[in-house]
Each structure stands twice: as C-alpha cells, then as structure tokens.
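Participant: First the structure, which I've put down as structure tokens, then a few questions once you've had a look.
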Amino acid sequence: MAKQGSKEKKGYPELKEVIKATCKIRVGPGKETLTEGNCLWALKTIDFIFEDLKTEPWTITKMYTVWDRLKGLTPEETSKREFASLQATLACIMCSQMGMKPETVQAAKGIISMKEGLQENKEAKGEKVEQLYPNLEKHREVYPIVNLQAGGRSWKAVESVVFQQLQTVAMQHGLVSEDFERQLAYYATTWTSKDILEVLVMMPGNRAQKELIQGKLNEEAERWVRQNPPGPNVLTVDQIMGVGQTNQQASQANMDQARQICLQWVITALRSVRHMSHRPGNPMLVKQKNTESYEDFIARLLEAIDAEPVMDPIKTYLKVTLSYTNASTDCQKQMDRTLGTRVQQATVEEKMQACRDVGSEGFKMQLLAQALRPQGKAGHKGVNQKCYNCGKPGHLARQCRQGIICHHCGKRGHMQKDCRQKKQQGKQQEGATCGAVRAPYVVTEAPPKIEIKVGTRWKKLLVDTGADKTIVTSHDMSGIPKGRIILQGIGGIIEGEKWEQVHLQYKDKMIKGTIVVLATSPVEVLGRDNMRELGIGLIMANLEEKKIPSTRVRLKEGCKGPHIAQWPLTQEKLEGLKEIVDRLEKEGKVGRAPPHWTCNTPIFCIKKKSGKWRMLIDFRELNKQTEDLAEAQLGLPHPGGLQRKKHVTILDIGDAYFTIPLYEPYRQYTCFTMLSPNNLGPCVRYYWKVLPQGWKLSPAVYQFTMQKILRGWIEEHPMIQFGIYMDDIYIGSDLGLEEHRGIVNELASYIAQYGFMLPEDKRQEGYPAKWLGFELHPEKWKFQKHTLPEITEGPITLNKLQKLVGDLVWRQSLIGKSIPNILKLMEGDRALQSERYIESIHVREWEACRQKLKEMEGNYYDEEKDIYGQLDWGNKAIEYIVFQEKGKPLWVNVVHSIKNLSQAQQIIKAAQKLTQEVIIRTGKIPWILLPGREEDWILELQMGNINWMPSFWSCYKGSVRWKKRNVIAEVVPGPTYYTDGGKKNGRGSLGYIASTGEKFRIHEEGTNQQLELRAIEEACKQGPEKMNIVTDSRYAYEFMLRNWDEEVIRNPIQARIMELVHNKEKIGVHWVPGHKGIPQNEEIDRYISEIFLAKEGRGILQKRAEDAGYDLICPQEISIPAGQVKRIAIDLKINLKKDQWAMIGTKSSFANKGVFVQGGIIDSGYQGTIQVVIYNSNNKEVVIPQGRKFAQLILMPLIHEELKPWGETRKTERGEQGFGSTGMYWIENIPLAEEEHNKWHQDAVSLHLEFGIPRTAAEDIVQQCDVCQENKMPSTLRGSNKRGIDHWQVDYTHYEDKIILVWVETNSGLIYAERVKGETGQEFRVQTMKWYAMFAPKSLQSDNGPAFVAESTQLLMKYLGIEHTTGIPWNPQSQALVERTHQTLKNTLEKLIPMFNAFESALAGTLITLNIKRKGGLGTSPMDIFIFNKEQQRIQQQSKSKQEKIRFCYYRTRKRGHPGEWQGPTQVLWGGDGAIVVKDRGTDRYLVIANKDVKFIPPPKEIQKE
C-alpha cells in the first residue's frame, strides 16, 4: 500500500548527493543496497527523537552530536532491532558525508568506531594542552570566529566542507532560493562581513542576479546613510561592509552589530531578487518568442528593465546582457555572424539593426541561397554586395543610410511585416482576425466625447455606457442638491454630491436630469441615466482597438443550408419583430441579405412579462447541417477547487455574443425573412453578422474567442486566481486592495480594446460574491439559495417532482444525502402531468436534505495540504466527503447504487468518481479512506472482485451496518438442519433433513449455487428462533458468514435469506465436505437424489391413502355447449417415476350428469402440462365452476413386455389399416390438418407426417381444397444440375409487374426470395450481402446475366470467399433447380396472396410454406435438412480439431540431473512451449516433463494400420 507524502516537509536538499552515495552501500554480502527510503526514514526518525536539533541543517557536527546522543539511549526490548538499523543507517550517511565510500553497512560502522577511537585520543591530548595552557578555551562554536577564555577572539578561515555545502545548495536550488538563504543565515551568524560578501561572490549563479544583489546592497547602503547621519557612535557603511578591515579586526566583539546588519542586508537583497524573479515583468523572464520579431522583444525587455527599481548601471548591464542571452536562436546566430566577438559589448541599437530582418521570408530565402551558393575565392568576397533595403551595391542593409523602407508600399519608416496596406488586403481565412461588429454610423477609435450643456456651461463629456451616473468635476449650482452620494467602482468607494433637476442640452434636445459632482474625477462622464433621455446611443462593439479573432465554422459535407419558409405571423408580432430587427440593424448586428443568398430560417417572437417582445429563431435545421466544434469548456467550475483569497471581484461581460463577429463565409446560411403584411410589398431579408442566440455553436465560438483574447493577459498575471465561465468572470488575489482593483481595472481596459465592456451594475467587489449559483464568503462558500421548498403529503405531478429533485441534485455537493424513496416515486408513467402521492417517508427524506443544506458550508482548497476523500454507505447509495481538515469539507456527493455490482465494487466506483472530481478541481490525487479493514480490501483485489484501487488509500472503521449480528460459525442450542441442493439426475432438486425428523424436498430449476441457497432458505423458513444449518457448499457457507448489508444484495435469494436471518435470534452455520462419509450429509444427498413423484402448480389435491386417484381442479369457469368437446389446460405439471404411468379418468359425480373425460394417458417420465378433454353428452350447455373437482389422476405401475410374432395362421378382424379402439385417435387431428392446410396449402405428404393422419385422408384434404385444384403444379418437371451442401442457385423471376430474386440451396431445397427494385448489379450485390449474412454459403451457380457477371459482383464473390460459376441463360440443364423453384414459388404465392394485404407478406408466407411446412419422405422439411447439415459440419469440425489435439509420447524423468529409462507410450494431457504434462500410471501423479525428455509418436490406431 502506497502512502502519499506531505508537502509540509520539503526533504533534505543539503543531503541529496549524500543520500545518493549512501544508496550504493550494500546491506550484506549480497547485491541488496540501502534505498533512499531507508535514509529518509532514519533522518525523520532522528528529527522526531531530538526535536531540539530538528531545525538545524545536517552538518557533520550535527551528525556527531546525534551519534553521541544515540549511544546514550537504551531501546526497549521490542525495538532493539529497529534501533540497530537506525544506528547502522546513520553510520552510512556519516561516511558518505565525510567523502568515504564503504562497501557494506558493517564497514561503515567500523569506520565510525575507528573515528570515535581517534576522537577519544584527541580529547585526551586536549586535556593535556589545557593543563599547560589554562587560558585557552576549548571551543564548540561554528568557525571562523573563536572565543577565548581570556576574553579575546581569534579568526579562522571558513571550513571547506561548509563552503562546499553552500555551493551545492546554490547549484541545486539557486542563489536566491529559500534553501540557500536558510543555510547562509545559519552559518554566517559568526562570520565577518568580509567573509559573507566574499562567499556570496564565489557562489555559482546567474551574473545578472549577482548584479541585482549588488544593486540592492547599494540601495541599502544609501538608505543607511540617509537615515543615520555621521556621529561618534554611528557605524559607517565601510564598517558594516568590512571595507579596510582585516579579518582579525572584524572578529572583535564591538563589530558584532556591523556583521549582523551586513547579514540582514544580504538576506534582504536575496529576498528582493527572488521576488523579482517570480513576479511577471521580471526582465530575466522576458524571452523572445518563436514568432516574435526582435524589435517587439526588445520593446518588452526595455519596458521590463525600466520598471525595475535598480540603479542605472544595473539597468545598462541588464539591457546589454539580456538583449543577447534572452533572444531567440536565430537572432543569436545573426548577431554572432554580424557583430562577431563584440556581440556581448554591442549596444541594443546595433543588435536591433543586425536582427531587423530575422524571421522574414526574404531572410529565410537569403539563408537558403547562402547555403546553396558554391564556395568562391577569398579575393572576390564582398565585390557583389548589395543592400537588401535600397537595392544599391556596395553595402549591406544594416549599413544603409536611407533608413527602413517598406518593400510592400515603398514608404519609409516601417517594415513590410508592419505595413497596414498589406494587412487590409485579402479575405479573411480561418484564424484570421476581424473587427468587432460595426454600425452603419461613425466609427471612433476610442469612446467619443460630445458637447453637453450642463446647467449654464457647455462641457465635453465622455460617452460611457458602463457608467450608471453622469459625473462632472464642477457645477454652477443650478438644480436641486440632494446631499452626498457614495459611488462604488473599480477604484473603490468614493463620495460625491448629487444634484437633481439639472438642465441638460444635447443639440436641440433638452431634459431635466441628475448629475454627480466629483472634483477628483479624472474625466467627466455622460452616464446611462441621461443618455437614453437625450437619445444618445453607443454601440459597444465599435470601441475596439484590437481585432477579435475569428473562428471558422462551416456546414457538413453535402449540406446546402436551411430552406424553411417563414410561417405566417400576426400583425402584432410582425410589428414587435420589426422594432427589434430595426434596432439590430442600426447596431450593426444584422445586415440586409443579397438576393442570391437563398437560405432561410423561421423567426417568431413572444411577449415577456414586462410587455416587451422577445425575438426567437428556429435554428433546428441549421444546427443539424452545421459541423460541430470541440467543446471548449467541459464543465462548470466548482468553488471547492478555489483557493482562499483576500479579495475577489465578480465581473459580467455585457452583450457577449453580440460583440463577437460571425465567420463571414458562413453568414449566408443565417438569413431570415421579415414578412410584409397582406403582401403589400416585398419581404425584407436579413442575415446575422454576430453570434446569434439559439445557434448551437455560439457558446463554443464565444469560449474559444475569449480563450484566445485572455490567454496572454492571464499568463502575465500569475499571482491572481482567474476563472471564466461564459460571460461570468472571477478574479481572486492576496494582493493589497488597491493593487487588486488595479488589476481588475487593467482587465477592463484590456478587453475594452476588443469591444467588450464590463457593466458597473453587474460588478461585485468583495465578499459575499454571487458567482454561477454559488455564494462566496471569505472562509467558506454555499449556494445562493440556502433553502429547499417544503413538500407535504398528498398528490404531486411528475413535472413538479422533477423540478424539486433537480433543485436538490444541483445542491448535492453540500447535502450529500441519498433520496432513494423519492427517486423510486418518479418511476412509472412518464407523462409530465401524471400524479404521484407524497407519503410521510418521502417528507422525512426531504426534510433531512433541507436541514443538511441549512447546516452545511463548503470550504476552499489549500494547495499546501493533502486532500482526503472518505466514503461511507448511505441509504441505498454511497456518500462521500472531500476534505483537508476534519469537519471542514470542500464538498460532498452521493453515488446511487448500481445494479448487479457488489458492495465493494460500488464503493470502488464511487472512489473512482471522487478521485476524478478532485483531480479535475484541484489537480491533486486524493488520499482515499475506505470503510472496513485493509485485509478485506486486499482480499477483494486478489480474488478479482475489484480490478482498481486508489493510488493512496487506507481504511477506517466506517458506519455500523448490522444492527444485530446473529450468524455465527459455532454450535447454538436448537435443532440442526442438513441442507443440500443441485442438479440430481438431470433435474434440479433441493431439500433438508432436520434432527427433529422433519424432511422436505422439491424439484426446482436453477444453478447448483442457487439451489444450495434455496435449500438454506427453506430451512430458515421452517426453523425456530435458534437453529443450526449444515451445508456442503463452501459458497453458501461463506455467504452466510460475510458481513453483508441487506441493501446491497442484488441476488433475490440472498436478499430473502438475509430478511429471514434478521428475524432469528441466533443461527449457527457449519460446513462439511461433500461425499466424505458423514452420515447425515450423505442421507440428505440420497434423499433429494431419489426420483420422486413431484408436482408443480395448484391444479391437484393431495389424496388419502385409500383413495384411487388424485382430484384435479378446474382452473376457471368453463362452459361446454351441448354435444361438444373441450380441452381444458389445468395448473399442473407432474414428474412421474420411471416405473409409473398415469391415466386421467372421469369422476363418478360428473358421469352421472353426462359429462365424461376422453382419453388421457400420461407416459412414464412425462414432465409437461396436464390437459383434460371433456365431452358433454347432454342436449344442453354444461358449466363447470372454478375450483370444482372435475377429473382424477390415477397412477398405475408400468408393465413392459417384448412383442412376439403372432404367427402366419392368425387372423385379425381389425382390417389392414389396424383401425381399432386405440387407432382412431387420429380422427381428432383431421380438423386441425384442414385448418392448417387452409393457412399454408401444403401437400398431402406434409399433412400426413405432421398430424399423423393416414395418407389417403391427407390426399382427400388437398383434393377438396379449391385453391389447390385451381393452381396445380405440372406433373413432370425436368432438368437437374450439380447438387451439394451449401451450394446455391440464383436467378430473377417475374410475378405480374414485380421482380423477385430467388435463391435455392441445391441439397436441402431451402428457398430464399426477396422482392427487388430492378435487375441491376448494385441491387444484386446488396441482396448478396443479406443472403450471405443469413446462410454462410460456399458456392453459387447463376446464368450469364449482366448483374451476375459484372466485375464488381465478381470482386464481391472473391471477397466473401464464394465460388461463383455461371451457365447459359434459360438453359434448363444449367439452371434446372432454380427454374423449377420459380414455378413452385409462384404457384404457392398465388394461393397465399388473397390472405395477405401486402405482397411482401405473401412472399414471406410462401417461404414459410415451402421451407417449414413442406415435409419430405422422411418427415423433414428443407429447413430441417439445412439446419441438420450445418450442425453436422460443426460436429465434424469439432471432432477433427479434437483428434488433432490428441498426442502420444514416450517420456523419461530425471533424478539429480541424470535421465532415467523411457516410459510409455502415454497420452499428452497438456502441451506448452517448453514442456508437457502427462500422468504417471505407476504413481497416479501428474508430471511436468521438459521437451528434451519427450519423444512424440503417432496415435496408437495409426500404428495398428501400419
């Protein structure tokens, strides 16, 4: 089981190389080595034991300290082995830290022991030195400054090990990383300022970063000088930086403050540069893109460098360095080629001139030409130089004095790639850009300013549809003052003065309006409050400064667009539509369609509650014909996946669809028509220029467009959390309030360049914020609607119930409760107005969800913490909760139970869904908490019941599933029931024998496992509160002992058993192996294996021992007319013993009334339904009521005698036909044969064989049929050809005006016919595929008709593997069989046509007659013969394959590698790639023999043939 690592501990970066070296040390004499996990375990264990040393970095000093402390510890008896492993692992790490390379763990421990001995000698020597020099202090501090006992200090150089340690961290994590800062802060506490700065300079790192660090140190020095004027006790910058001091002077105690200040400056500089490297706009992150010109790259780079708060020399260095290192490969090569060795010192202007043409087509062609130009002599170099800019020879383009010349328009000042004339030419292609939709009025480059008279003064106000209020900076005091007013915008909350009834005039229009006086406003604005009154409108789509990317859309291949006529509309609706369309045309959203655009889509309108009309478009046909686009956004963002942020802003994009232009070539398919009332004039046709509402691709095009527009802006602001779904935008950040609002303002300005606006009235600043149906708070989130409506007992329509359930499902991520009873209520009638009835159980279920929604609150995701998902069994569902801290869920959910899945499988399915949700919303893999025990889940996985487990999982106790655990594997006081079930003598049987003497057995269909469970079920039904059950089925035994939940059992037998078990006090379940001599088990096995008289159904009653027969019950009220016979099927199936037969007789009470039972012999072994034939001999109708005893079943012993020859002298008075009391039963079948013949008109032989009537009687039926006499077949049919299994003949025939394609199988005579449209090759090939799919033929005979000999037909026959031969058309010898079939088919068809409405039905009936009803001499139909042949082929193939698999061999066995004698021959039971399995006759064991010890021989029967 894997375990997920936590992010709280970032590992041991300082020991990365040490651990890598330690992993090469072998544990023992074998090849096994220490692993990284062993090392990490040892280090973390030590951190846990010695918490006071946990924060210190792992130096060799710390390791010796830990080693000394470990030696002083005494582990418990149970932990000694683990403690020894800890010491051994630490010894290996210490050796690797010191650069030693021991081969084994034992060698590492020896090295450390030897080092300890040397250290003890050194300490002893140190004691002698102390005696000689008592003033010398024994130091234990970090070098280089050493305190002496006499009070002085000495300096010692930085240890090389420490220096190497810092170098390693700087190389692996970076010079400005947190790891290097932490290491430096630890070691440098006792360093001199000079040591700190020298070590910093010698560290590996980016030169630009070092320059920035130096710049930050200079800034700190300047700030120190400003804040600390020179004085007697004030440190100077030179003292702090260690300038002009020796290390010995700097080590004195009075310089401690200077060293601390210097270290603080260095750490501050490291942090500042690190912050610069991670924020957007960092010059070192500004790199040239592949498609970006060098000039654009330099512009971005210089802008980023100028924004840096560093000194000018640093900026100059960054410009010179980064303009080369951050350039693209092509530009670097061009600069190397042009500037040579001075490329690093060259100015930015020189580099721009060198790279001016890099990336252009001319540059690429120039490189290609240079590559293909042959090498010339050195003396001619430069003679034919020509300027690419002006075209004159003698100099290059970079040396041209005429400046940049455009090669497209010829003007100076810009390059060809920036030429505006070139960009304006050409038609839009996919991926091209186009401007936002423009009105037919004036187009402005920015929001316009217009002159408005405010009071008595004329002012130029900015027209802004995003502003609610009209704002001016000053006012002449006219109007009515209304006090102070608070305004909220992107810049925050501001306060101004409100004035009403102010005189406003625009051109000739004058109104009384409201204004706000705000002296601090940078611009005066005309807001929406007065724009409408003055008749001023602004089309927001006209304000773009950049072009909106276009998305290509098109129709499906072969489609021509919708051509649906406009349906009539009322005068009222036409007027409403005209008003809407006129406004759309003025705003540039629709245009007049040209006459050759013929597509049309219907439009209509509805009136809203406000009384305004709303235009609707029926785009269904256009949507069908339009190619789909990929789904841009696969789901709704969830607040549980958001991170907690200090500030949030919710924005709404106004007129989102109507701002984005529709792909121009597609616009012709969006035309619609405005009708003219009473046809008084021509109709006006329009088309859409923008994304219309209701068109299926509008959402996708909008999402792709916004993705392209916002991609760059989002990349430039990685510090914010940005989300967008359709026109709703979420922005969250941990920045300061002003900086956060500045970013929002920047976004508004950015998308305004494309024509999009963010209306002020829909902007939400701060918490609580409503977004996509959620309500966001600083520490939590919930749904906007916190409550669900109440439901009460009583009727409710399905429509209303579906809406209620839909509201609940939407809020499941905070409820997490299942509603199985309410969901079950929705089953049944699907009509929306059909009623359901709400009961108390539904109300309780609903109230539980309402209460949960009120109480639950969601939390935000913290990327620093692990995510957990806990699953548990709910009410017929799996409920799970996703959290990072207990009691603070991110979200919850429910997975309803799935049929035919076990409990474990359903929990794993829910775990998969949970994992998928977490990965989608947070990008992390969760830790799954499964209910139950780990060993149970591992067992489920090993048994194959589940095939997936989470990456990280563990178990918890889970909810209690059994209220009462009453099934145990121990003996309980009470009777014992021995149960058994299975297939006995080909019939399912089950039963039990109790220790009380009670017995029970019954026949029943089912599998062995089902019958075993049914036996236990019957025992549980009859058993007392305490009982024992003994079974020989391991399956049933394990089921009874499993910790099942009744709700998850899908097997109905198991569910019934569990229901019975719940009501028992205690049940002991025991298992015994079958057929092992256990008396009671063998007794029940014999008992249910006996063939016993068994019945199924309620149509028979038990009899007394003295009664002759069993009474049969009439199933329903039966009416028998006078003199009529009626067959009555009763509810009874019976299973007779092999030595029994039965007879159905008349009851004496019925015989007295003239009602008799006729016939009714039941043979031995009969298992079918019983039918009673009743004859009413009376002159009036007789009624037998339901439930009346009307016949009796008499059992008789079966007596069997062999028949002997009578003798030639014997004579019979019965006649040649043998008609007698038993032979006359066929008379009853004559009416049935006549009825069948009237349906299908089969011949006499078929009737004779099917109904068992004499041949003469069958011939009489045919002769008396008028239809058959009128349509007699010719008596003689000649002609024949090849016959064989799977060999067919085919030909066309005509019946009246219809063409029929006829196929006939030559062996069986099976016919297949189909009506076709014509005798074409295409039609024949289609029918051939149908014919082949049904019959799988091998060969086919046809004439030379054009449809049969076409090349495509021949290719099809080869493809299908059919051997196709052709003969001569109309030659009886080549097509005899199919020609005869034509006549038979048409003759039968003519008989059946009057009986059917459709010709195809009559043709199908003809095939039934000829293939199924027509019997041959042996009583078989063509269909019987065909099926028999196919089965024989299958059996032969199977037998052949089995024979091929049987092999025989001689073999020998080996003992200690020496081969023994050859044994055999014997049969090979199994053969593999390198060995076989045989059975040794002597030991009766199975042996695996390698192929080298085997000699294969032919089967024994082949040897006999020889």
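Keep in mind that glycine also has a Cβ here, set from the backbone N, Cα and C atoms.
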Participant: For the feature zinc finger as recorded in Swiss-Prot, pick the matching range from 404-421, 422-439, 1070-1087.
Facilitator: 404-421
Participant: Under Swiss-Prot, the annotation zinc finger belongs to which of these stretches: 385-402, 763-780, 781-798?
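Facilitator: Zinc finger, as annotated by Swiss-Prot, spans 385-402.
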Participant: According to Swiss-Prot, Glu1012, Asp1032, Asp1085 bind Mg(2+) 2; which one of Asp936, Asp980, Asp1131 is annotated to that same site?
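Facilitator: Matched candidate out of Asp936, Asp980, Asp1131, per Swiss-Prot for Mg(2+) 2 with Glu1012, Asp1032, Asp1085: Asp980.
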Participant: Select one of Glu1250, Glu1379, Glu1390: the residue that Swiss-Prot places in the Mg(2+) 3 site alongside Asp1291, Asp1343.
Facilitator: Glu1379
Participant: When secondary structure is assigned with DSSP, how many helix, strand and coil residues does the domain 'RNase H type-1' (971-1093) contain?
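Facilitator: The counts are 48 helix, 34 strand, 41 coil.
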Participant: Which of the binding-site residues Asp1291, Asp1343, Glu1379 has its Cα closest in space to the Cα of Cys1265 (Zn(2+) binding site)?
Facilitator: Glu1379
Participant: Can you give me the Cα-Cα distance between His1241 (Zn(2+) binding site) and Glu1379 (Mg(2+) 3 binding site) in Å, rounded to a whole number?
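Facilitator: The Cα atom of His1241 (Zn(2+) binding site) is 21 Å away from the Cα atom of Glu1379 (Mg(2+) 3 binding site).
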Participant: Tell me the Cβ contacts of Asp727 (Mg(2+) 1 binding site) under 8 Å, same chain only and six or more apart in sequence, or just say none.
Facilitator: Asp652, Ile653, Gly654, Ala656
Participant: Under 8 Å Cβ-Cβ from His1237 (Zn(2+) binding site), six or more apart in the same chain: what's there?
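Facilitator: Expected: Leu1247, Ile1261, Val1262, Cys1265.
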Participant: Mean pLDDT across the domain 'RNase H type-1' (971-1093), rounded to an integer, is what?
Facilitator: 80
Participant: Can you count the other CB atoms that lie within 10 A of the CB of Cys1265 (Zn(2+) binding site)?
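Facilitator: That number is 16.
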Participant: Cys1268 (Zn(2+) binding site) has how many other Cβ neighbours within 10 Å of its own Cβ?
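Facilitator: The answer is 20.
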Participant: Sort the binding-site residues Asp728, Cys1268, Asp1291, Asp1343, Glu1379 by C-alpha distance from Asp1085 (Mg(2+) 2 binding site) and give me just the closest.
Facilitator: Cys1268
Participant: I need the most crowded of these binding-site residues: Asp652, Asp980, Glu1012, Asp1291, Glu1379. Count other C-beta atoms within 10 angstroms of each C-beta and give me the top one.
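Facilitator: Ranked by Cβ atoms within 10 Å, first place goes to Asp980.
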Participant: What number of additional C-beta atoms lies within 10 angstroms of the C-beta atom of Asp1032 (Mg(2+) 2 binding site)?
Facilitator: 22
Participant: Spatially, which candidate from the binding-site residues Asp980, Glu1012, Asp1343 is nearest to Asp728 (Mg(2+) 1 binding site), comparing Cα atoms?
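Facilitator: Nearest in space to Asp728 (Mg(2+) 1 binding site), counting only the binding-site residues, is Glu1012.
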Participant: Using DSSP, would you call Asp1343 (Mg(2+) 3 binding site) helix, strand or coil?
Facilitator: coil
Participant: Out of Glu1012, Asp1032, Cys1268, point to the one nearest Glu1379 (Mg(2+) 3 binding site) in space (Cα versus Cα); all of them are binding-site residues in the record.
Facilitator: Cys1268
Participant: In terms of DSSP three-state secondary structure, what is the assignment for Asp1291 (Mg(2+) 3 binding site)?
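Facilitator: Looking at the DSSP assignment, Asp1291 (Mg(2+) 3 binding site) belongs to a strand.
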